[in-house]
DNA sequence: TTACTAAGACTTTTT
DNA sequence: GTCTTAGTAA
């Protein structure tokens, strides 16, 4: 089991220190260490499977961990808590729903459900949705929750935020009334449960002797607090992560948790896994050199004994279409050389970039697979069925009610629903319970809908889950609706797929035995009425609904087909490919313009590039286009600064490297850019490249790198051009006043030397 | 209630 | 350029 480990991996797996921080570089065998440690702990009698808790961010990672573990050691995994933060918190809350103040059948809102609930709340309370756009409210609430804050503790420093906190309060009341929790609430509730209930807390603190955390750099503040609480004073914490691969700060991840963990727990017990088993030398050296430009690193340098390998290749093309064409031609050549299509990945910063590449691949008849986009359980038709199922399971869930009360259409319009909503508010009950209070013809229609749900609920008693789903799609009219729809064939197929999924789910549940699991829980908590543990076994329907919310399904379709892999760099994290194309390596796109101004934004972009580079095993190709169609207009950009940060001796230019022009104001650009770490003197100020693409406005020619003078802002350099003619705009970095975007037709600019 | 049109967005998104 | 959402006409 431990025979194949290198010394650092071995040290991590067998450490006897209470707490350990493992800095695991890309491709250094992170999952192997994590799973081997679990196996080692169990095999050596340090702990029984029952005392292990391992937490990951994705269901996929959790599954892989269990698979690898059982392959190593015949472990009874039923008593183990291995899962995502959200999955484990859900488990905790189901077991202690009373103490957590939740109904037993509470439903989980995904982001779309949550947004719908917020919109409904804003309407019901006559809140100005111009001042408080639902999306902003959603972000405010989720941010607050991820920091462990409730409406009464969240910081308010102005009237606007004060109002947001009030809306948060209203939202909380609405969720409570409807028996629903959002993703962030799962964590916060579980945290509050543990922190307030001594009995429950001590039980789990006693139980989980070993807590292992994967992708620790991605944890948010609340998750860290949750872990600390769960660990108590005696558990052993084993955190594995890579600060250089922290790319989710924008959604609340706090890399600072790594140094906090070092300070609070691990002390000097930090183990670095730096030997890389994935890539050749040039790739790793380039990645190391790039990430060196970041400050605030815990520090790490990847190395390999596989040899240097190929140089990294760079290609510049005039347009995004030609870039795509070049990439596809190159892909074809690589396939002809015998490379597997599924071992070739095309990565990009933003989803919109996939289009021209898809087009070129399609024209070339090369099979490809795009990752990202809608997932199975997020599809409209699936969410509709799930809404019916939720109403059957709970009934209080107004979001689900609103979703399907008039779908398929039953002549229940907006007016009727407004009436209903008013009635419900007056009575102080949920929508479905207020249907009797609405008079007239519309009231009859509402009653018919309520009766439908009631009948379905009775039917649910006697039907198996797959049978129930089939029955619901028939009785609700969903099937008929999609049969009549011109393009409903695919939706019908998905409904069939949902029934398959339910069948598989039930089979798996019976096999693995969620029931058996509940038995295990119960053996710990004897059947006394004061036990904080839930006594009832949960129904297949309830389990399936949780499953659907917490696991939206794979983002990839049919695996196994040998196809080119297209995805964002974020989606590529954790994956590896023989040959990788990193496309659109342009200023403004990568690093993205929005992140350049954000705090630490540039460092996160650089980590993103680091992640991208370290995906490649054998061959890595960068490509960029000088002109690109974006948001309906052509944008001209220059080569990404990240390419300048890669040492020349790892690069091979397949097209002529565009000319570099001495440009005094370029130095100022770096000065303006505080993230470029001028203190080390590492970065040599480089001039922007002049490119052929220019813009002509009222007789003047503008191009990237052009020096200009503005009467008010002074001298500066054009770093980007967008649009044509009257719409043409230039982003200009002024020596003294920073970056500005100006309309060329309006701004009075003089062309100066450059 | 449906269907068309206009307006606005538009970086990344494990649960 | 393309998609989603909101608003209005039929």
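Yeah, the Cβs are placed from backbone N, Cα and C, and that goes for glycine too.
Marked as domain 'UvrD-like helicase ATP-binding' by TrEMBL: A:3-280. Annotation source TrEMBL lists ATP binding site at A:24, A:25, A:26, A:27, A:28, A:29, A:30, A:31. The annotation domain 'UvrD-like helicase C-terminal' is assigned in TrEMBL to A:281-574.
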- Query: Secondary structure at residue A:28 (ATP binding site) (DSSP, helix/strand/coil)?
  - Reply: coil
- Distant-in-sequence Cβ neighbours of residue A:26 (ATP binding site), under 8 Å, six or more positions away: A:242, A:244, A:245, A:276, A:278, A:287, A:302, A:610, A:611, A:614
- Message: Same chain only, sequence gap of 6 or more: which residues have a CB within under 8 Å of the CB of residue A:25 (ATP binding site)?
- Response: A:242, A:244, A:272, A:273, A:274, A:276, A:300, A:302
- Query: What average pLDDT does the predicted model assign to the domain 'UvrD-like helicase C-terminal' (A:281-574)?
  - Reply: 86
- Judged by the number of other CB atoms within 10 angstroms, which among A:28, A:31 is the least packed of the binding-site residues? A:31
- Task: For residue A:27 (ATP binding site), list the number of other Cβ atoms lying within 10 Å of its Cβ atom.
- Result: 20
- Neighbourhood of the ATP site (A:24, A:25, A:26, A:27, A:28, A:29, A:30, A:31): other residues with Cβ within 8 Å of the Cβ centroid, in order? A:33, A:242, A:273, A:276, A:277
- Ordered by sequence, the long-range same-chain Cβ contacts of residue A:29 (ATP binding site) under 8 Å (at least 6 apart) are A:5, A:6, A:9, A:273, A:277
- Cβ distance under 8 Å to residue A:30 (ATP binding site), same chain, sequence separation 6 or more: which residues? A:22, A:24, A:214, A:240, A:242, A:273
